[in-house]
Amino acid sequence: MTRHCDVSIPDSPEPPFPITTSFVDVIAGFGRGSAELGIPTANVPIDDLPKIVEQLDTGVYFGWCKVRMAKDRDTKVEQRPDGREVQYNNGTLLNDEDLAVLPVVLSVGWNPFYQNKNKTVELHIIHKFSDNFYGAQIKFNFLGYIRPELDYTTKDALIADIHTDIEIAKEKLQLPGYRKLKDTL
């Protein structure tokens, strides 16, 4: 499972980790994670995260996350730049399993394959949700670094690497040094 780009991951977090966020809103991204890659992501405003996140190396990280409903908000529909509509249900369709603390793989960077102009933070929660949760809130931690951000020549290579990232994250999160931080969210 080791690739040339993978970094050595210790058995428990080492500085600057763990980095834990407050609850932040889940916003609509480009819609590529689900539609093009089959790997849905939750997007969050990077400006709402601890300042240290902007200083992190670009690449792939792992940790834990917790989603919660955003109360007292009206549902709404927004339009993506490509014209597709996004329904903000604020997490009202989440079930108890969706609201548990869940493993997450995080991408911090520019997504060179898609030539993004702005740095983003995207979370792939390792869980099958039955519906979207745009407008809900999410709290998460960065516990370790898997690999640097890469540019891909094919979508298939990108998808394969994301699946490997997920397997590495699941394996590392089972180690006691990482597993115990599940309870901090």
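We count from 1, first residue shown onward.
Just so you know, glycine gets a Cβ as well, placed from its N, Cα and C.
The active site, nucleophile annotation in Swiss-Prot covers E122, and the record cites similarity to another entry as its basis. Residues or ranges marked as Mg(2+) binding site by Swiss-Prot on the basis of similarity to another entry: T41, N43.
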Nearest-integer angstrom distance between the alpha carbons (Cα) of E122 (active site, nucleophile) and N43 (Mg(2+) binding site): 5
Per-residue Cβ crowding (10 Å cut-off), top of binding-site residues T41, N43: T41
